[in-house]
Amino acid sequence: MRFSLGARGFPLPLSILLFVAAPCFSKGTITDVNFTTQAVTEATVEMAEENVTSSSYPELIPMEVTLLVIETSDAVVEKNVTIGNPASIELKCNFSTTQPLQYVNVYWTKGNDQLNRTSSMRVLENILQAHIRLTVTDKMHMDNYSCVFEATKERKGTFHFKVPEIYTKEKPLVNYERDSAVLNCNSKNYVPLEWMWYTSNGSEKVPIDIMMKNKYEILPSKYNETKLKIKHLQATESGLYWCHAIFHLGESEGKQNLKVLSYLVPLKPFLAVTAEVVILVTGIFLYELYSKRRQTATESGKDFEQVEQLKSEDHNGVDKKNQRTRHRKSDVNMN
Amino acid sequence: FHCCCFLISILLLQQVKMPPLLARPPDGGWGWVVAGSAFVVNGLSYGLLRSLGLALPAFAEYFDRSTQDTAWVSAIALAVQQAASPVGSALSTRWGARPVVMVGGIITSLGFILSAFASSLLHLYLGLGLLAGSGWALVFAPALGTVSRYFSRRRVLAVGLALTGNGVASLLLAPVLQLLLDAFGWRGALLLLGATTLHLTPCGALLRPLALSGDPTTPPHSPLNALGLTLFTHPAFAVFALGTTLVGAGYFIPYVHLAPHALDLGLGGYGAALVVAGAAVGDAGTRLVSGWLADGGWIPLPRLLAMTGALTGLGLVAVGLVQEQEEEWGGTLLAAAGAYGMSAGAFAPLVFGVLPGLVGLGSILQATGLVMMLMSLGGLLGPPLSGFLRDVTGDFKASFLFCGSFILSGSFIYLMLPGALPRCHSAPPPPTPPPEQGELLPSPESTLASPNDPHSIPNTTC
């Protein structure tokens, strides 16, 4: 449950909030009224979410990110903010200081440029909170934003706005000739508008022609992942493959290494080990035969000695002979 | 006087008729080679089965199926191996352990090799689950039973040595399998595992047959006798069987649910892995210690069995009672899991080591197979029930308390075994019997211990 909700791009409490608020927003458009009634009757949270992600925005996803900047510490304060869809983001910086708050000057920067918007301020005991609200609807808006506090020393906290990352298997995918392989990419909690696949042609990327039905196939999957099936693999198709995700606010890609092997590759060590096993088994049986023969041979040799001994030393010899014969009989039994 | 003459003449006749056998197990010599072979057999069966989990994500990815679907591969293999173990024992009582283990090795290997060419998950269920599973069923019980036949004074130590194969192999095979998967993909890895499991065949070849006095003179012909089901009429074995089934219901739960329990308690992936490794290392380490302790003869084996069983149960209860962890590595849980692992490891060789004293060496192969089947009965029941409890109650606390109490009740039943409780008769037997007399020697009388035999009366009065 949690996963399917998260997959739509924002945390559960927010989506419930949106769902509750949906009727208020949707007064203007007729289609939306239609939809909301359906959503209300069915009372499923997923429905409300579907609405938000599929409709083009006026509905921005509300987000809030907070940083804590401490005057006495010169550690770098920063945070990555992943944005998948147009959003209205509230950035907050809490500045902890011992200075009287009226001597602290605050401004915000985007990249290297100072924003000429005045920051809203709030004072909470000895913490000064600066906050601004940004509407992120375009690639242009994806940048680093910093709050800068000028007190006795200058301190700043930075928010890095990032397009969602694409996750793939780090290890190469190993498959065999004439078999098929499935390459897989996913964008975890964010849903891109579109997925594209590329392969490498020596040095440059070439888009994969999905229309070649007997070679490539896009398997059905969830919206936040893409699966490319390559059929009738050939050794020449080894190499890097890229999946490209296009989001509202930018693009992101993941890569996957494919290795196509010939069946002969594992067959060689397989045959070597099998031969080793055959040698081991014959060795074990030969050793058993040999050790038994040697045992009987030494025993008969000793028996012979014993006969000699028996002639000279009667009593002792008889005892020994008895022992020996018992041994030999047990050996026969073991066979 | 006539009677006396008659008896003597019968005895003499018997001596002439019977081939001279080894009066008692050689307790060493080739026995150590047999123990080593059983060590490898255990590693290539249970150890490999444990590591096989590493290949499951690759199956899931290739066949585009859920992890749950692929988990059935190991589950089927384990079930087939355990449930078919009595068949392996029956075959080896009929034809000897050597050919059965050798054939079992070839079947296991075939299962892996065919699975390398699977084109659907069903093929893997059949190849790895059914074929390799039944191959494993043919190798494990006969190999372990043969170890028991070669040893008397040092039996539990030898069995413990053989059983460490499991832990050592899963530590060794897991990285090897990962390497194979990275280099050759799952198909190549399965093919090469086919070659690796073929080593079960030379292990089987090392199991030289041994004739002991007390063995049944003719191999059993009816399938009922071959499976050793008549052993259940034997009161001591029946008590043992009941206890073992109860223990089995709890014994395998930590194998499946210890890692998710650790994750539930707020440990990270590495913390959970550390907890599982802690339990595994404790488990492997105490198998030898328990063997040494048991063979010392200071404590009667049934008593030691009940004690270690109870400790295992208590350890699991402790694991269940650990609260949410603050620190990343979960010190308390690690300690509880380590304690559980150590007692479970001490328990394992005793379950098999106690058998010759109960049923005699003649039926040891069948008894080993039956014990494995009994544990699997519980083992099949336990983990799903524990998973069900997790779904109902929301965490694994109830599951662990439940499996801990199953093991505790099984250990309680073991107390009814002869020698488990100190006697309260006026003339108690020597409390520390010398090792040679510490167990029933494999004489024909002890094989068929009659109800009149003082040793087989459940000592419930104390």
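Glycine is no exception: its Cβ is also placed from the backbone N, Cα and C atoms.
Caution: TrEMBL annotation is automatic and unverified by curators.
Because the structure is a prediction, the values reported are computed rather than measured.
Positions annotated as compositional bias 'Pro residues' by TrEMBL: B:427-436. Under the heading domain 'Major facilitator superfamily (MFS) profile', TrEMBL lists B:31-422. The annotation region 'Disordered' is assigned in TrEMBL to B:426-462. Annotated signal peptide per TrEMBL: B:1-23, in sequence order. Per TrEMBL, transmembrane segment is recorded for B:33-49, B:100-118, B:124-144, B:156-177, B:227-253, B:265-284, B:304-323, B:329-351, B:398-417.
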Candidates B:33-49, B:156-177, B:265-284, B:304-323, B:398-417; stretch with most C-beta pairs under 8 Å toward the transmembrane segment (B:227-253): B:398-417
Intrachain residues whose Cβ lies under 8 Å of the transmembrane segment (B:124-144), provided they are six or more past its termini: 37-38, 41-42, 44-46, 49, 52, 59, 70, 72-73, 75-89, 91-92, 97, 100-101, 103-112, 114-115, 118, 159, 162-163, 190, 197, 200, 203-204, 207, 352, 365, 368-369, 372
Result, the transmembrane segment (B:33-49) in contact with the transmembrane segment (B:304-323) (3+ CB pairs under 8 Å): no
Annotated stretches the transmembrane segment (B:156-177) and the transmembrane segment (B:33-49) touching (3 or more Cβ pairs under 8 Å): yes
For the domain 'Major facilitator superfamily (MFS) profile' (B:31-422), the mean pLDDT of the predicted model: 84
Cβ-Cβ under 8 Å with the transmembrane segment (B:33-49): same-chain residues at least 6 beyond its ends: 74, 77-78, 81, 101, 108, 136, 139-140, 143-144, 146-147, 150-151, 158, 161-170, 172-173, 193, 196-197, 199-200, 203-204, 206-208
For the transmembrane segment (B:265-284), sequence-distant contacts whose Cβ falls under 8 Å of one of its Cβ atoms, 6 or more beyond its ends: 164, 166-168, 170-171, 254, 258-259, 322-325, 328-330, 333-334, 337-342, 344-345, 348
